[in-house]
Amino acid sequence: MNQSAEAPSSENVATRQIRIFDTTLRDGEQSPGASMNLAEKLEVASALVDLGVDIIEAGFPIASPGDFESVRQIATTIRGATICGLARCAEKDIDRAWEALKTAPQARIHVFLATSAIHREFKLRMTPDEIVERAVAGVRRAASHCDDVEFSPEDACRTEHDFLCRVVEAAIDAGATTINVPDTVGYTTPGEIYDRFKMLRDRVPNMDKAVLSTHCHDDLGMAVANSLAAVDAGAGQIECTINGIGERAGNAALEELVMAMKTRQDFYHCQTNINSKRLVPVSRLVSKTTGINVQRNKAIVGRNAFAHESGIHQDGMLKERTTYEIMSPEEVGFTKTDLVLGKHSGRAALADRAKQLGMTLTGEQLQEVFEAFKELADKKKEIYDGDIVALVQQKISETVAPEWTLVDYEVTSGKNQTPNVRVTLRRDEQDITEQVAQGDGPIDAAFWAVEKITGIQVVCKDFRVRSATLGRDAIGEVNLEVEHEGKTYRGTGVSTDSVESTILAMLNAINRIVAGIASDPGELPQP
């Protein structure tokens, strides 16, 4: 492994192209609470194409009817990337995956089968010979449908070297064009994975007929480091997710991998097709869609990633930016100027700013966002980028025509007074209903009032409030998860008033209940 303290010379070293395989819609969605509905998956898939990913793993078609339909719709409508579906090494899985993928101009079937001794003995109860036989049959079945077949020996990083080489060689002979080596439980280390990839390249005689891929989990916090070590050892594809979301502790973060290879091209001698200026907008979209906030100190896309508080650092930055910044905020999609618009700004200025922030609006969306923007401008002197992002994503998240809309609300509360909230709602642009409710606080009272009007009872499973911008007049964004009749629904609301944000988020979730748009990923196995 190249562990030199000094960067190696880039002279006479060819730059390799690394494929980016994004599994946000499959492995990322397995992160607890991160499930997405069809419209949200299509929006994320479109954003991934704009970002420049090479392969989009759209889902696991046999897992549920909803997952099948998501993969089918993405395969039918999304262009500009290979669309991939996951399948176990079983005919029914593989045929179901192909049924969902067959309309895609570029389709890939990704089959997997566990190979480690612990999985063979306790999960599959199969002998090594039976594993090889099933792997070969699965790859052949997939290859009968399409030319692009990926095989993953699940838990490869805990599989004996000799047996791993045997399975990989057999899979390539059967038609696998990509061999993915998963660190399924996030157990390996950079040195170990480097040696494993080098071993496969040296010992598997037909390895040159397939692309080696890495898929690392972050249980020990080494997913990105392990993925980069695999690239250093010859991997030509990295499997990753936006913001590193995924099963348990998550997956390797796409944004960190891409910027590590870009910033240290002198070391890795690799490049990708990723447009790095789209990283922050796509990160925000996935965060908004899944309801999983990005931690402030997250590398590359966190709010503090380019913040400098130390006086020594600030002094150095003023004298020469590169003293404390190894890449520029603009390079990953942050904007130089945060303060942008005011109450006298027009539609064109709003549309232009939204585009600069990575969000293209349709005419109808622009009109809705502009109306919300003007309302906000009457409440706030200065409109920040974060305000615009919150407004746009709020409107985009409204994937169905709302049955219930907010007309008015009024809060009465005090130190020695039980909070009362009066809420007035309109249904289908016609009937107006008003209710007053009490609660442990204004937000609890607002929940009760909305439930009384709509007649829909829910259990709040998660409730989060965050400030979209700085200042005492900042927009508050509420993201909540509610349960109704055994299904989970998400809602989002933004306003300068936390009670109004809560009511809007509640209505967003209730309108999804009425429309039957649940957030339910089903059972999703993983490689």
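Using the three backbone atoms N, Cα and C, a Cβ is placed for every residue, glycine included.
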Candidate sharing the Mn(2+) site with Asp27, His215, His217 (per Swiss-Prot), from Asn37, Asn206, Asn243, Asn251:
Asn251
Give the helix, strand or coil assignment DSSP yields for His215 (Mn(2+) binding site).
strand
So, three-state DSSP: helix, strand or coil for Asn251 (Mn(2+) binding site)?
strand
For the region 'Regulatory domain' (405-527), the number of residues DSSP places in helix, strand and coil:
31 helix, 56 strand, 36 coil
Could you give the mean pLDDT over the domain 'Pyruvate carboxyltransferase' (18-280), rounded to a whole number?
97
Fewest other C-beta atoms within 10 angstroms, as judged across His215, His217, which are the binding-site residues:
His217
